[in-house]
Every structure is written in C-alpha cells, then in structure tokens.
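Colleague: Pulled these features from TrEMBL for this protein:
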- 34-52: transmembrane segment (TRANSMEM)
- 58-80: transmembrane segment (TRANSMEM)
- 87-108: transmembrane segment (TRANSMEM)
- 139-159: transmembrane segment (TRANSMEM)
- 180-203: transmembrane segment (TRANSMEM)
- 209-229: transmembrane segment (TRANSMEM)
- 325-346: transmembrane segment (TRANSMEM)
- 366-389: transmembrane segment (TRANSMEM)
- 410-427: transmembrane segment (TRANSMEM)
- 453-479: transmembrane segment (TRANSMEM)
- 491-512: transmembrane segment (TRANSMEM)
- 538-558: transmembrane segment (TRANSMEM)
C-alpha cells in the first residue's frame, strides 16, 4: 500500500522523517530557486552587455529557459512516480543542474566565449554596432543555459512532494503539518529569490559575471551535499509503476468497450481486486464516482473477459478513478498560467521601466537589477505573519480551520494579480507621459531624477502577495487531491502551468510586436527597445483584460470542483 520505506526499500517502523528531514530538503529547493531567479534577471543583462544581443531576443531566450525549467517537470514527475522514486529523481537532476551552472560560469569567466568588448559603449550596444558573438559562442551558451533549465525537471515536481512525504498521514495533526510545510516550503523559495536579487547582484557588480554565476553553482553544490547528508532520515514511497501506462490502459480499455451498455446482460460488474490491496502499487483503493462515466467502461467486467483479463481490456476501479482525478484537477492549475505569464513579463519589462527611474531612497541607491526583490520581500513578510495575522482573521470570516480553503487562496491570488497588472498599466502611462514631456523620450537608459522607481513597489508587492496565495494554495491542493501514486505528476501540473505561462509570454510579445509595429510608417511596436516610444501600458491593460477573463473561468471551475 502506501507504507513508507527507507532508502533500502525496507518498511519504516520508527518516526523517521518529519521536520528534520524536511529542512534538509528545503535547501535543495532554495538553491534551485536562487539559480532560477538569479539567471532570469542576470542572463538578460549578460546577453545585452557581454554578448551584445538586443533586449528583445535576450528576454525571449530567458523566457524559453524559464519555460523549459517548468514544462520539463512532466518528465521528472513521470520518472519519479514510475521508476526512480522522488529521492533518486532529485539526486540525478540536481547533478544535471549543477553541470549546467558550471558551464554558465565557465562561459562567463573565459574571454574566449564572448565577443570583443573593444570600442563598445552604451550607444554602440543600443545601435547594434558592437562585435557580434560567433555562432558557436551563442550555441555553447544556449546549451549550458537550457541544460540548467532541464535540470529543474526532477526538482520542481519532486521536492515539494518528497518533503510532504516526510509526515505521517496517520498522525492526528497531519493536516496542520502539511499546511505549515507548504508555507515554509515557499518561504525557502522566497529566501532563494531574495538572495538572487540582492547578494548575487552585489557579487556581479563588484566581482563580475563569472563570480555571480559561480556563486549560483556553489550554492547548488552545497545544497546537493546537504541533501545527501540527510539520506538516513528520509521516508520514501515506492514508485507505483508507469502512471502514463495506467492512463493509456484506461483510455484503450474504455475505447474497446465504447459500444457496451452498462445494462448489458454480459456485465458482471465494475472490476476491483478483492480485499484491501490495491492493484496500483503505492496507492490506497479509491472509491467509485459518477464523474466521466464513459471512462467507467474500462472497468466493465464482462463474462468474456475471463478470470485473468489483460489490463489493456479491463482495468480496476482505482485505476479508472486515478484518470478521473487527473482530469478533474487539470482546470485549476491551468487557470494559474495567466499569473505565470504576468510574473514572466514583470521579470523583464519592469526592469526596463526601472532603468528610466530614480532608484535612490534617501542616501541609498538601489541597483536596477535589485528591484524584483520587492515581490520576494512581500512574500516573506506575509508567510512570516500568516499564522499570527491572516489565518486568524480569515478564520473568523470563513470558518475554515486554515483560514481559507486551498481554492479560495488560489482565487484570492488571481484577484491580487489583476490589481497588480492594472496598476502597472496606470503607472506606466504616467511614467511614459512624464518622460515625453520632460525631454527624456529618446534617453530611455537615463534615470529621470524626479520620478521615483519605488512607485513600482505597488505592482511588485501585489504580485508577490498574489504569488504566495495562488502558488502555495495550488501546491497544497495538488498534493492532497492527486492520487497516492501520482503525486509527483500532480505537483508537476503547477510547474507545467508556470512553464506554459513563460512560453505564452514569449508568444504574446512576438504577436504584439508584429501586429503593433510598422517600420514603413515609422510606428514603433508596443514593446519597442526604447520604452519611451513604445506602449508598455497598452500591453499591461491587455494582460488585465486577459486576467479578468481567466479569473471568471477559474470561478466556474472552482465552483464545480468537489474535494476528495
């Protein structure tokens, strides 16, 4: 069944696992997010200043890296649930991640891999007059960058699930532990992001690109060591066989019996193994539901099936219910794709906004690349105060033990993301109008001294709060609602939704540029490299409309969903 085992596959009888084991696992996710956010901001600047690539192509390359990091989670989740287990999947892919980061560090440290920097000033970069990189130099950069992204395939879907596996489901306070675990888990993610936007930026400014990327590689290496040190403490769940094979068997069996009626005289009943044992290793039996009745035909036990039927002709009720659950879960993470799209746009567009603004606060001048730290700070503060402020207040309003249900938290996050991107459109309209009226129209890399960058904090903090409510609620929702033997696949849903948002951001940007720009008429696109001649505000308002539509779809899906 679902009895936890140790690294040798022996059943665990003692209270191994728990918070001590979970904290060893937190370090791995913290290092991965440190590298993820560090590269998402630093790589755009590295490609522009060192590799002499325009902002647009640099941003698209990074968006693809972000997408690969998340969409490839399907592969990692599949391998973990089917063959390797979560522990070995994490171990293998963190090593791949470390290899990729080492390659990026090498690329940034050795002059051989970069074009000549001679006679390349700011104006030359903007005009594209600097020496361009050789094809093999860019090829090597893309290989190591996307290798790093692929390394996340086994980390994203497995670390949160493996951490949650450390708690005993039979414990009376299991739900409380799980709720707190996912909050602390995302707190570790936030610490990684804050470090990426502050310490790594500081290292880059004072010690160069090689040292900055090298610090990411060192952090990943240290986290790998800590992960392996915790090995004796971990509780493991045995892989339950290929989930995709089980899904395929249900679909094939249901198709073969598509013309068979539920009232057929040849029907023996819906097939399930007798006793407590489930046909799916690592899973409890799942009770039959009336959803997706056409899939029940895969479990129709006919006389002609015999005593030992093929699983491609007859499946158990548990196997059919697994597929139903995966289908019912799908719309919820799909609705968070829009939030990921907005987050991806902020990582690049808001940095371009910040270059035109005064980042000085009193006697402190904050580097532009540090500006995305503020969503992380808002997340950190909310998570730190969650149980002392938000949860008690929400509990009085909703009556829910955790303050709000998982889907209510996801919905609240989507509302906050709408407010964030709407404000971004309002402020960008004001910023652009100010730049044009104060003779900064063509000086888009010159900060305007009387317009503070800290107006961006409103959109940053709102999107940070949106992220913590939506993503933490979504991760907890997917872990608890997914079938026992498919929890890594369930967690991968969240990462895939995030990856699709990254790819969607690239697609939206390309469509917007092709539709809105016209070189013949001299009309710049909305996402012009000169932000003061472009119309970033129009893009933000377009995203606001799409976000509202997305939220209405979420409300429809959430209202129809029934918790297991």
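Note: Cβ is positioned from N, Cα and C throughout, glycine not excepted.
Heads up, TrEMBL stuff is auto-annotated, nobody curated it.
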Colleague: In the same chain, which residue numbers or ranges, 6 or more beyond the ends of the transmembrane segment (410-427), come under 8 angstroms Cβ to Cβ?
Modeller: 332, 335-336, 338-339, 342, 346, 350, 404, 455-456, 458-459, 462-463, 465-471, 473-474, 477, 537-538, 540-541, 543-544, 547-548, 550-551, 554-555, 558
Colleague: Below 8 angstroms Cβ to Cβ, which residues of this chain, lying six or more residues outside the transmembrane segment (180-203), approach it?
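Modeller: Sequence-remote neighbours of the transmembrane segment (180-203) are 22, 26-27, 29-38, 41-42, 159-160, 163-164, 167, 211-212, 215-216, 367, 369-373, 375-377, 379-380, 383-384, 386-387, 468, 471-472, 475-476, 479.
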Colleague: For the transmembrane segment (209-229), name the stretch out of 34-52, 58-80, 87-108, 139-159 with the most CB-CB pairs under 8 Å.
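Modeller: By the under-8 Å Cβ criterion, the transmembrane segment (209-229) pairs most with 87-108.
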Colleague: Using a Cβ-Cβ cut-off of under 8 Å, list the residues of the same chain that are 6+ residues beyond the ends of the transmembrane segment (34-52) and lie near it.
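Modeller: 58-59, 61-62, 65-66, 69, 97, 101, 104, 108, 114-115, 117, 120, 125, 128, 130-133, 137-138, 141, 145, 148, 152, 192-193, 195-197, 200-201, 204, 209, 212-213, 216-217, 219-220, 347-348, 351, 369, 372.
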Colleague: Residues of the same chain, at least six outside the transmembrane segment (139-159), with any C-beta under 8 angstroms of its C-beta?
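Modeller: 25, 28-29, 32, 35-36, 39, 43, 47, 51, 61, 64-70, 72-77, 79-80, 86, 89-90, 92-101, 103-104, 106-107, 113, 185, 488-489, 491-492, 495.
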Colleague: When you scan the chain for residues with a C-beta under 8 Å from the transmembrane segment (453-479), skipping those not six or more beyond its ends, what do you find?
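Modeller: For the transmembrane segment (453-479), the list is 160-161, 164, 178-179, 182-183, 185-186, 190, 329, 332-333, 336, 339, 342-343, 346, 350, 353-354, 357-359, 361, 366, 368, 371-372, 374-379, 382-383, 404, 406-410, 412-417, 419-421, 423-424, 427, 431, 447, 487, 490-491, 493-494.
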Colleague: For the transmembrane segment (87-108), could you work out the same-chain residues 6 or more beyond its ends whose Cβ comes under 8 Å from its Cβ atoms?
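Modeller: Apart from its flanks, the transmembrane segment (87-108) reaches 7, 28, 32, 35, 39, 46, 50, 76, 79-80, 114, 140-141, 143-155, 158-159, 162, 208-210, 212-214, 216-217, 220-221, 223-224, 227-228, 231, 234, 236, 488.
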